[in-house]
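Participant: Not my notes, these are from TrEMBL:
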type	residues	note
DOMAIN	2-280	domain 'Thymidylate synthase/dCMP hydroxymethylase'
BINDING	Arg21, Arg126, Arg127, Arg179, Ser180, Ala181, Asp182, Asn190, His220, Leu221, Tyr222	dUMP binding site
BINDING	His51, Asp182, Ala279	(6R)-5,10-methylene-5,6,7,8-tetrahydrofolate binding site
ACT_SITE	Cys159	active site, nucleophile
Amino acid sequence: MRQYLDLMQDIIDNGVDKGDRTGTGTRSVFGRQLRFDLQQGFPLLTTKKVHLKSIIYELLWFLSGSTDNTWLQDRGVSIWNEWALENGDLGPVYGKQWRSWACPDGSTVDQMAQLVEMIRTKPDSRRLIVSGWNPADLPDESLSPQENVRRGKAALPPCHTLFQFYVAEGRLSCQLYQRSADYFLGVPFNIASYSLLTLMLAQQCDLQPGEFVHTFGDVHLYSNHLNDPAIVAEQLSRTPGALPQMKLLRRPASLFEYQYEDFELVGYEPQPAIRAPIAV
Ligand SMILES: Nc1nc(=O)c2c([nH]1)NC[C@@H]1CN(c3ccc(C(=O)N[C@@H](CCC(=O)O)C(=O)O)cc3)CN21
Ligand SMILES: O=c1ccn([C@H]2C[C@H](O)[C@@H](COP(=O)(O)O)O2)c(=O)[nH]1
């Protein structure tokens, strides 16, 4: 995961200091890419301990089509708490767009089910795409996440906006376009989440995993992470270790039937966790 630290240094060296929606302030660059060969191990950061349980449950939550934060809270995952209404509602976020995108005629599109079917039947297709970006459901940036949810909009617009798959020589690769990336807190989660999704889809479609290509729009370090020597500087002072392996212990009947217990991470020996405040 040397490339993760290299892009962190790139943001520090080449970034521009800007204000942002949360009022925290960021240093950012625009347009970057990381690549991970999924045959070389599972790309979970080793230079800090990453809480994989939250990542797995969040992905299973997206795949279930839920947009209710209480599903996560019931499983001990608190990463979406700051954006939800008291009843757990987050508005039409990822789960809704992935599994039941609303059409003007009242019908819905299950983009994930269609994706599995397309990879199986038309692996050479150049249309193996899922979009979370639905302009009809976008929040008003001048209102709080909760106020947007009350008005039927998403709490946040999707950060991982669009992803595409590619099949060649029996391998399945995934490229994500992430429009906005909290490099210290969000990105380690996003890398692991999409890598895991690619492993699951490969298993479901009888393919081997290929590459995860992570393309960024606005990739930023929040100034409170950057200016705290115990956060970004500490991360950069550490040397990456060997990557762990992710084992899928069972082949469920569909993409939508995986359970937390189906995943086993082997050989993860991270350095200690680094706590950081989240910008809301
Ligand atoms: N500013 C910001 N950054 C994000 O990454 C982000 C948002 N907002 N809003 C929506 C979701 C929520 N995500 C989050 C939220 C919290 C953590 C976080 O605090 N991570 C801790 C561990 C927390 C845990 O797993 O319980 C970490 O040290 O990685 C990570 C991603 C990703 N997204
Ligand atoms: O999966 C995620 C979700 C969110 N983020 C970050 C990126 C930004 O720092 C904020 C979202 O704020 P916007 O003003 O909507 O861009 O959350 C992430 O990195 N990964």
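Cβ atoms here come from the backbone N, Cα and C positions, even for glycine.
Looking at the shown structure, can you explain where the listed features end up?
Facilitator: In this structure, Tyr222 (dUMP binding site) is part of a beta strand by DSSP. Non-local contacts of Tyr222 (dUMP binding site) by the CB criterion (under 8 A, 6+ apart in sequence, same chain) comprise Thr22, Thr24, Gly25, Thr26, Asp182, Phe184, Ala279.
In sequence order, Ala273 make up the list of same-chain residues 6 or more apart from His51 ((6R)-5,10-methylene-5,6,7,8-tetrahydrofolate binding site) whose Cβ falls under 8 Å from its Cβ.
According to its DSSP assignment, Cys159 (active site, nucleophile) is coil.
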Participant: What average pLDDT does the predicted model assign to the domain 'Thymidylate synthase/dCMP hydroxymethylase' (2-280)?
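Facilitator: The predicted confidence over the domain 'Thymidylate synthase/dCMP hydroxymethylase' (2-280), as a mean pLDDT, is 97.
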Participant: Between the Cα atoms of Ser180 (dUMP binding site) and Cys159 (active site, nucleophile), find the distance and write it as a whole number of Å.
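Facilitator: That separation, Cα to Cα, works out to 5 Å.
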Participant: Could you measure between Arg21 (dUMP binding site) and Cys159 (active site, nucleophile) for me? Cα positions, answer in whole angstrom.
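Facilitator: With distance taken Cα to Cα, Cys159 (active site, nucleophile) is 14 Å from Arg21 (dUMP binding site).
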Participant: What binding-site residues among Ser180, Asp182, His220, Ala279 have a C-beta sitting less than 6 Å from any atom of ligand 1?
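Facilitator: So the answer is Asp182, Ala279.
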Participant: Could you say which of the binding-site residues Arg21, Arg127, His220 has its Cβ with the most other Cβ atoms inside 10 Å?
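Facilitator: In terms of Cβ crowding, the pick is His220.
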